[in-house]
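K.L.:
Pasting a structure below so you can have a look.
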Amino acid sequence: MVTIVLGSQWGDEGKGKITDLLSQKAELCCRSAGGHNAGHTIVHDDITYDFHILPSGLVSPTCVNLIGAGTVVHVPSFFKELASLDGKGLKDVRDRVFISDRAQVCFDLHAVVDGLEEAGLGTRKVGTTGKGIGPCYSDKAARRGVRIGDIMDEGVLESKLRSLEAGYRRRFGELDYNVEEEIARFKEYRSLLKPHIVDQLTLVKKFEDESASILVEGANALMLDIDYGTYPFVTSSCTGLGGAVQGVCLNPTSIKSIVGVVKAYCTRVGSGPFPTEQLNEVGEKLQVAGREFGVTTGRKRRCGWLDMVLLRYSARINHYTALNLTKLDILDDFDEIKVAVAYKLDGKELESFPASSDALEKVEIVYETLPGWKSTTMGVSKWEDLPVNAQKYVEYIEHSLGGVPIKWIGTGPARSHMIDRN
């Protein structure tokens, strides 16, 4: 049976910990979309692991890991991340991670183009990670991309990469990029990659036929989805439920649970509308207390209050069957906590979440104010040990989402800092 873990906001919700917890029982852990632009951290046995393109199921010694067809893979980053895990003592990681032959290759060329495209947008910059993800997905959609399986044929790889480079030179003129150097690097990678490349359909079907436990690890989050996010300030892949099914070629009828990960407040990295953003001491307090710096970019995250309008929209699309509320402890020192319950535009309450980012920039927020608890929840592992007002905050969120249960509550960075209400 399949469990899918998805970010419900703009990413950085803390998906790594619940994925780590659930992967202990998983036999196959999959990444379905995105690339090394994603990032999350797992603390296991007092060792911190940063994951970007690799599935975090690698922390579990018996879990097989798959990077699916919906992803884009920067090969140097793949091997760099493997080396980092090796160096921290994880066993047999190189024997337990596979890449779909249908995944796309993200070249250094794409990162160069990413920077040029961002510079050309001026004040309307998307705020990308600069990793080349958008240009790589653009090449995929335009049917000129290079797949992981193409790497095994030297002639095919060279021809396609030279064609890409020539096209971008026609568009931009001079590029700070050497195609010969990238081709030479892939001559070294070819033999190293070969043991990792698989026919994804055969691998996934084998686990499905055995009724194995499969975990799909969503990257980024719903509000960064190319279709349903705050377009155009989004990533270039499908980051919701649909992308998880498509990117791993899952049988939808095998899905047992869809876990939405919800940060107890909101954050966002990069540009784009953020209705509940607090450009004041509240935002600064959340940023400092929450240590809100991006795992991939190191950029400060923008911070604001929890947004139930956004979460209801997210739940409508992803159909969560359970929630993991994270970083509850960051709210410990607030006298009162605000929650967005409605948007108004031109004085009228909106009935649905706006598709237009321009409209989102203009909305007026209707807040409900809840009492804080002014006592520590750090490290609490039992529901009954939470302060009463912290319990009420959790129950308020459940009620606002129509009764979707919050089954896990994060109360700190360590693996043990989790309340399991199952």
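Cβ atoms here come from the backbone N, Cα and C positions, even for glycine.
In case it's useful when we look at the structure, here is the feature table from Swiss-Prot:
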- 11-17, 39-41, Arg301, 327-329, 410-412: GTP binding site (BINDING)
- Asp12, Gly39: Mg(2+) binding site (BINDING)
- Asp12, Glu13, Gly14, Lys15, Asn37, Ala38, Gly39, His40, Thr129, Arg143, Asn220, Thr235, Arg299: IMP binding site (BINDING)
- Asp12: active site, proton acceptor (ACT_SITE)
- His40: active site, proton donor (ACT_SITE)
- Val295, Thr296, Thr297, Gly298, Arg299, Lys300, Arg301: substrate binding site (BINDING)
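Give me the structural setting of these features: burial, nearby parts and distances.
P.N.:
DSSP assigns Thr411 (GTP binding site) to coil, not to a helix or a strand. For Thr411 (GTP binding site), the same-chain residues that are 6 or more apart in sequence and have a Cβ closer than 8 Å to its Cβ are Leu328, Asp329, Thr377, Met378, Gly379, Val380, Ser381, His417, Met418, Ile419.
The number of other Cβ atoms within 10 Å of the Cβ belonging to Asp12 (Mg(2+) binding site), over all protein chains shown, comes to 27.
Around the Cβ of His40 (active site, proton donor), 24 further Cβ atoms fall within 10 Å across all displayed protein chains. Taken residue by residue with DSSP, His40 (active site, proton donor) is part of a strand.
DSSP gives Asp12 (Mg(2+) binding site) a coil state; it is part of no helix or strand.
Neighbour list (Gly298 (substrate binding site), Cβ cut-off 8 Å, at least 6 residues apart, same chain): empty. For the recorded site, Gly298 (substrate binding site), the DSSP three-state label reads coil.
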K.L.:
Taking Asp12, Glu13, Gly14, Lys15, Asn37, Ala38, Gly39, His40, Thr129, Arg143, Asn220, Thr235, Arg299 as the record's IMP-binding set, what's the max Cα pairwise distance in Å, rounded to a whole number?
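P.N.:
The IMP-binding residues span at most 34 Å between Cα atoms.
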K.L.:
Near Arg301 (substrate binding site), which recorded positions out of Gly14, Gly39, His40, Thr41 have their CA within 10 Å?
P.N.:
none
K.L.:
In whole Å, note down how far the CA of Asn220 (IMP binding site) lies from the CA of Gly11 (GTP binding site).
P.N.:
5
K.L.:
Measure from the CA atom of Thr129 (IMP binding site) to the CA atom of Lys300 (substrate binding site) and give the result in Å, rounded to a whole number.
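P.N.:
With distance taken Cα to Cα, Thr129 (IMP binding site) is 13 Å from Lys300 (substrate binding site).
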K.L.:
Thr129 (IMP binding site) to Gly39 (Mg(2+) binding site): how many Å between their Cα atoms?
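P.N.:
Here the two Cα atoms are 11 Å apart.
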